[in-house]
Amino acid sequence: MAQKEKDALSGVETTGHEWDGLRELNNPLPKWWLYIFYVCIAWSLVYYVLYPAWPLGKSYTKGLLGYSQREELVQKVADGKKAQEKYLTAIAATSVEDIQKNKDLLAFAMAGGRSYFNENCAACHGAGGQGAKGFPTLADDVWLWGGTTADIYKTIQHGIRADDGDTRGTVGIGMTAFGRDGILNRDQIGQVAEYILSLNKRSTDAAAAEKGKTVYDENCAACHGENAQGSLAVGMEVGAPPLVTGNWLYGGDKATLVQTITNGRAGVMPAWSKRLDDATIKSLAVYVHNLGGGK
């Protein structure tokens, strides 16, 4: 039988290991640590009996309590939907204008609308409705198809030049490609671009801008208005933007204006009624209207 070695100074047995003259003492674990360890073992055994614990092929031990986090989640989701149901039903039965007048419905629609917007609209229009090139800003007061709550609701519901019988605009038809279709020559396009720049006090060629006014009156005023205030200002629903506000969907520099006049533009927005229910669309309309630019 091997002789147990003890440390001469402390009198404690060593483990027999030695590193560079250092020996490891074989002190027992503290009692408080052992007690906690034993309690943990006991608790784990109780847990195994009461709660789901061990996998069994495609199943698992259910435990005496029959607890399931999945079932708890399903129940909580169901409870949440039930709590929302009365508001969703009320919103579906209320016009978008009247939702704005009801404090409780407005608060619910704004909260839901923000979530729906981030999920469905922010990818194009930005998280704050700030827009991007080719996608209009929704947080200002410049609207191509109307900025009332009813207008916004209709736009979201039926889309712009979308595959929907009540879509706004006409599918496949947008701004005329004046250069590509041979309606205006290069000089005329440059002149009308200078005229538009002059309306925004940015023209560098007064003579070309003066000639451009004639070209504009003959070719552009029918949609954009004589004073370039946009189609809504002249009572038309064609989505022609105002050209005097400094808000540009594709860019307001001369090169971009020339490109736009030459090739035309025909923005498209999907009809969300094919994906979202009416209460969701109304909540979105209310939320967008309250981003800051609603009429």
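Using the three backbone atoms N, Cα and C, a Cβ is placed for every residue, glycine included.
Among M175, M269, the residue that Swiss-Prot places alongside C220, C223, H224 at the heme c 2 binding site is M175.
Averaged across the topological domain 'Periplasmic' (53-295), pLDDT in this predicted model comes to 94. On its own chain, C220 (heme c 2 binding site) has V192, A228 as residues at least 6 apart in sequence with a Cβ closer than 8 Å to its own Cβ. Ranking the binding-site residues C121, C124, M175, C223, M269 by how many other Cβ atoms lie within 10 angstroms of each Cβ puts C124 at the bottom.
Cα separation, M175 (heme c 2 binding site) to M269 (heme c 1 binding site), rounded: 15 Å.
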